[in-house]
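Here is what TrEMBL records for this protein:
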DOMAIN    246-341  domain 'Fibronectin type-III'
DOMAIN    342-435  domain 'Fibronectin type-III'
REGION    422-445  region 'Disordered'
COMPBIAS  422-431  compositional bias 'Polar residues'
DOMAIN    439-536  domain 'Fibronectin type-III'
DOMAIN    537-630  domain 'Fibronectin type-III'
DOMAIN    634-724  domain 'Fibronectin type-III'
DOMAIN    733-820  domain 'Fibronectin type-III'
DOMAIN    821-915  domain 'Fibronectin type-III'
DOMAIN    916-1013  domain 'Fibronectin type-III'
TRANSMEM  1041-1065  transmembrane segment
């Protein structure tokens, strides 16, 4: 089989049972692989090697699912699936000179040394995983090589496989194609058989070591120095049959105390069917002398009347027509014994926490050859289940697991063999060992730790392992790393005192316990932080750089004694001139600070102290420092006096100058605190501001400066200007009034934005409408002016008022009222039927253009008493369809235009008439002797009203006369004139119960012509056209008429489409 996508492909050489495959390794040794086996090989160039077949055979390449198989088959057979067995042709007749060639079947002849010597990747390249799967191979040296045979024959008498003799030139040609294949994987199957029999100058040869009953092919080749002749034609012969191969020893299938059942497999028959088997035994004497106990064709035999617990030896031979094979190797078998005696009580080897290792002795008097099994039974104390089996086997020791600790168990053992089970042994009691206790609970600190000692306590373990705790051990580690531990306590108490510790240091403590079961695990670690003491005094702080007017920078060193804890903070205190108590100006972990907020030209004292977790230590000695001159102090908040709503005066006082006279003041003013701007700079002490807004908040602040710099700003002062009259209304908009409450023809809706009230809430608005009286409203921004003239323009302005007076008027706005909405027209019904009503209103054309300003809204009352819209538009007519017959309907109409919607009209009621009967088809007329029978179709009753029929007749050119009226659909007219022409028509009449009859339309007319009396002369003188003209004319039926109309419409549509395509689109 060949498979693979790359350049390399993997090949599998499959060796069947009874076959052999020989290869040469890199070390020069030959290895013979006997079947069944699979030898993986690989083709580097991806090509399939050529297969050389003997005469009468062909090779076939079959591909299935991407896998190619190469089969060597007889020339007359081919199996597409590749799964059918190879059927070999019958062997050729044996040659007279080859009758004695019957070699042994299992001794393949090996190739000469040069065969496969050039093959890359021989067995030496094979991995151990491939070589291990082969059957035992034979290694031959170069001196022992006389011939080579790579054979393929089946496991069941493979007599028809091929092989042939080749010369050195042929082998070199074959190896040139196979040199690139080496053993790797499984993909290619082929059969190859090469046999070098002999070489020399003799003209005859004896071929040995052949298989019995096997076909062979032989050919010869001449050779002179380096020249090689062509091989001769192959000659075939078949070896003779012989006695069977030596069978395998028999095996024991079953047995009792007095019998044994033996079975065996058939060996290779070597061409002749096995007829009988010979089974011999030594009768249990052990002398090596065998006697025959069975002779026959069966493959099993029961030997009876044997002694219990006795060893017997057997051997087997096979017999066919050619003779008897050699006997197999003797095999010993033993009969069963009697029920064994009870064993001794079990003994304890070793006890564990959850297991017990037990042993016992073999029952006394039991032979060593007897196969004895043991059942160990166990009972747990207090379980109540009794003895339960815990082991069943042939060993004399057992480890019972999954037991409970410190628990007593009872054991007993019983022996059994094929004959039965013995009584149990005496009972033994054993106890499992206790387990080590669990770890004690996490220790805790008892009381408050001292700087150099602490007391710790703990609880006993939750599980003591089945035995009492004898003592506890406490270990202590300095620091949090836990790298080294020191034992500080050992005893039975559950608390201890750890002393001699360092203040402020961290320690870890743990505890474990001891018992009979062993040492427990360590408990959880307890971390203890020893209390620290305050640090020692610091050195005096020193000044860094030149002192400034308002700040001094100080620096210091850490204290020499930290008190067992890291210094976490420093505190600096400042003492003002002539002050007894200091003020803390800095607290933090840094080693320097800047003290701000000092006054220029003054002497201050400073002292320092350090702190850790335990608190502050003593203060250092005081350091005296003098500050330099600075800028003025901040001014006091300025004073503001409002003269009017738009004018204010700001004044301020001089601040402390800090040793230098004030030379300049800066005043900042603004409507927002964050956006104030400088409005005055100078040496004055006041400033007047004008152009302010009434009722507005203003912010201001003042700043002083001297030669040393500019001082800080004063506090911000808020000032609010007095209130004033409102501002003018900025914009006025027309707001249409609600059509449900006000008419837009006599009202005007106004809407404006409220102006600034300037600090006083707006109380009302004054609306000026020209010559009319002004209107005073409340504090609203909407108002509707009523009682105006329709379609009239008005000039309007608005003025806001508050408690301080009236503000200015707004700009003049021009607004106009709308005209009056139209009145509803009169509604009339101009046409009606049983399903439709055509309504008309107003004066004008039925259809109007969309630009008409006057439009109408028609509504009809539904079943629920609500009016629903039917039509809305400029037209003056509307057709109401899909109505019911004899039903009253209520309508109303409304007119509307740009001025708005007018009122609805009064309600109009119109009633649909009853529907007439449907038109009938033309009646059918059938002439009788002197009469005729007229029939027509029947109509069903109409909503409970019966339907009758009226038949009219017209004779000649007279008028139609009624000849029948009734409910029947057939009428006979007698006493017809033979020379007159009759015409008939029929209609349906609806008989209403509370109304006159309703006559439906008449049907189409049918004509009854007078009969013709034709003589032979007259008939011959009349032409076919005259006779055709005298035939009564038949009118079209309704179906024919409908079909004709549909055909005409279809033709017309096609013509219109063609015209549009031709004239418009193109």
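Cβ coordinates are placed from backbone N, Cα and C, and glycine is handled just like the others.
Note that this is a predicted model, so its numbers are computed, not measured.
Each residue of the domain 'Fibronectin type-III' (916-1013) gets a DSSP state, and the totals for helix, strand and coil are 0 helix, 43 strand, 55 coil. Long-range neighbours of the transmembrane segment (1041-1065) within the same chain, counting only residues 6 or more positions beyond its ends whose Cβ lies under 8 Å from a Cβ of the stretch, are absent. In the predicted model, the domain 'Fibronectin type-III' (537-630) has a mean pLDDT of 88.
In the region 'Disordered' (422-445), helix, strand and coil residues by DSSP number 0 helix, 6 strand, 18 coil.
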